[in-house]
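What TrEMBL annotates here:
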type	residues	note
DOMAIN	7-95	domain 'Cytochrome b561 bacterial/Ni-hydrogenase'
TRANSMEM	25-44	transmembrane segment
TRANSMEM	64-83	transmembrane segment
Amino acid sequence: MLLKGTRFPNPFIGKQSIKERLQGMTYILFYLFVAIAAITGFYLKWGDGDLKEPMETVHKLAIYWFPIFILVYIAGIVIAELTGKKGITSKMIGGD
């Protein structure tokens, strides 16, 4: 294994709990918005300018999801600490 850490739940596996599916879908949406922000940002920086206004609108909307994701992520960590996965914060910071 190249990376060690918390596993990324696959939301498309039918036998997982709804919580794990929601976690996986949240990560997929996050990375999708990161890709959209990067692609539109590259276009705004180096593009020819024909689609500048719509790309700028999409870029701003994609950027607005970052603070929302951070809040959802922190809420998920707090919920995990208060329920079944105690010590998840220590594992993220110090490793296991």
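Glycine is no exception: its Cβ is also placed from the backbone N, Cα and C atoms.
Unlike curated records, TrEMBL annotations are generated automatically.
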Helix-strand-coil residue split for the domain 'Cytochrome b561 bacterial/Ni-hydrogenase' (7-95), DSSP-based: 67 helix, 0 strand, 22 coil
Averaged pLDDT, computed only over the residues in the domain 'Cytochrome b561 bacterial/Ni-hydrogenase' (7-95): 83
